[in-house]
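Taken from TrEMBL as is:
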- 52-511: domain 'Major facilitator superfamily (MFS) profile' (DOMAIN)
- 49-67: transmembrane segment (TRANSMEM)
- 135-155: transmembrane segment (TRANSMEM)
- 161-178: transmembrane segment (TRANSMEM)
- 190-213: transmembrane segment (TRANSMEM)
- 225-242: transmembrane segment (TRANSMEM)
- 312-333: transmembrane segment (TRANSMEM)
- 345-367: transmembrane segment (TRANSMEM)
- 376-399: transmembrane segment (TRANSMEM)
- 419-437: transmembrane segment (TRANSMEM)
- 458-477: transmembrane segment (TRANSMEM)
- 489-507: transmembrane segment (TRANSMEM)
Amino acid sequence: MEPWIHGSMAITQVALQRKSGPRVDPQVTRKPGPKEVAPNMHFPKVGNIYFIAAVAVIGGGLFGFDISSMSAIISTQPYLCQFNQRGIDKNGKCLGPRDDVQGGITAAMPGGSWLGALVSGFLSDILGRKTSIQIGSIIWIVGSIITCASVNIPMLVVGRIINGFSVGICSAQVPVYISEVSPPSKRGRVVSLQQWAITWGILIMFFICYGSSFLNGDTAFRLPWGLQMIPAALLFLGLLFLPESPRWLAKKDRWEAAHSVLTLVHGRGDPNSPFVARELAEIREVVEFERANSDVTYLELLRPNMINRTSIGLFTQIWSQLTGMNVMMYYITYVFTMAGLGDDVLLPSGIQFVINVVMTVPALLWLDRWGRRPTLLVGAFLMCLWLCVNAGLFAVYSVPPYEGQFQSESESMSITGPPAKAIIASTYLFVASYAPTWGPVSWTYPPELYPLRLRGKAVALSTSGNWAFNFALAYFVPPAFANITWKTYLIFAVFCFAMFWHVFFMFPETANKPLEIVDEIFDDTKPGAIKYIGTPAWKTHNDRSIIRAERNEISSEEKLGGFEHHDNKPETQV
């Protein structure tokens, strides 16, 4: 018997005997009306999980818009002249902000995101997953208006902080919302759409900025900064047609609405679906247990029985930043300028954004089949390799630039010929290694780790780790390139080496497991478990037997008897 199935049926049998709280009979025969799917809302609700995810992940696209709206603009003359602090070079070109100031401008967005991610946990638990994302979309519009109208550096920084606050809310709560709405066998795929939306946001905004670079004056950067308000408005409106998280509804004792959402999204409109009945029973048991242990604060994440999960979720996001990927995104024009591309740097930089979009697709298709652990391990190994290649090439073949060769102090190395082409190729390969691995898994994995009552705050905390390190790297990488040159790559290679072993020893497999059953992995009272850790990570595996249950391919005898079957063997073990 599969472990998750046994646990599922035990929970089901107990939960169906419960008398406390509002009760929903799994054998309800009527179909839910739209008001039951989202009480007090008069918009028809869509139950297709891919449509739900496609709308929700526009929140991730906002992050992508911000990345390339800065990376594609920081080397253009209209931007450098508008925010010029360093005067004009001998060729009459503006030198732009000082390097530390440019680092601060770039870091303003992740700084605001750190705060937004922390606040999002409270918003989400009180107002709901959907409403918190809608609040984030409104804040984004306000920040974009200020950014677009910026006439000086302080105004630009304030606008980016507000934009960042919005991104922090959306980046923390969109994965929570999607993971709580989606069926287990599709969870990895649809939550990975968050990362794909980020890559599309980067790509779309980059080429908008590239096209705008041919315009005269400050329109070249104000136009793209203004256009980024449009997706936020679409996100706000689109969410009106999506159902609320059934787990959040259950937590608020709105059981009929929770059952209706599960019927709509998981049961294909069939209220008698055995899978819907099992899920609802599991959710009921978890909610009632957690209500009996209800004092939920951030301090609870530091208790002995939670500290391991908290550290895994937090380090998933921290390591995703310490790969150096967002450094590649923010400052790619610096790298390619040092590689000899000069004034033609924008279009080759855009190629890596195309690679980022295309290489995220395999994760959308096969992440649930691959599992989380193998994906993270392979990604860490490959990124370490390409970073070492870049460090070696710059160390051996680069020379200090001659006076006036580059405009930024961060462009501290000059490399030409075949080694320069190898640098560009290695950078592309680095992006191709990150896109299907750490990119999507860093958003998919944390929401799977935590129990319902802590999920909103726990994911908010882990996402805040992402933004704290994003802020630090955005601020300190320009001075790092200026002062330690190629050793900057070596530092990130060491981080990738460390994360490989951290994942191997500490990150358990969560693919294709109901969120309520993941708790069993961290149960340190089971035979063979490690104190405060639970099942050793390297002994966990990807179990795809849940797919049959979701498709209702299990007979009523199996459902009642505990699924006494052994024909679905684990497919992946790492």
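Cβ coordinates are placed from backbone N, Cα and C, and glycine is handled just like the others.
Nobody curates TrEMBL annotations by hand; they come from automatic prediction.
Source: prediction; values computed, not measured.
Between the transmembrane segment (135-155) and the transmembrane segment (458-477) there are fewer than 3 Cβ pairs closer than 8 Å, counting only residues 6 or more apart in sequence, so the two stretches are not in contact. Tallying C-beta pairs under 8 angstroms between the transmembrane segment (489-507) and each of 49-67, 190-213, 376-399 places 376-399 first.
Residues 100, 103-104, 106-107, 109-111, 113-114, 116-121, 124, 164, 168, 171-173, 175-176, 298, 301, 309-310, 313-318, 320-322, 324, 326-327, 330-331, 410, 442, 446-447, 449-450, 488 of the same chain, all 6+ positions outside the transmembrane segment (458-477), place their C-beta atoms under 8 angstroms from a C-beta of that stretch. The stretch from 49-67, 225-242, 312-333 that makes the most Cβ contacts under 8 Å with the transmembrane segment (161-178) is 49-67. For the domain 'Major facilitator superfamily (MFS) profile' (52-511), the model's pLDDT averages out at 90.
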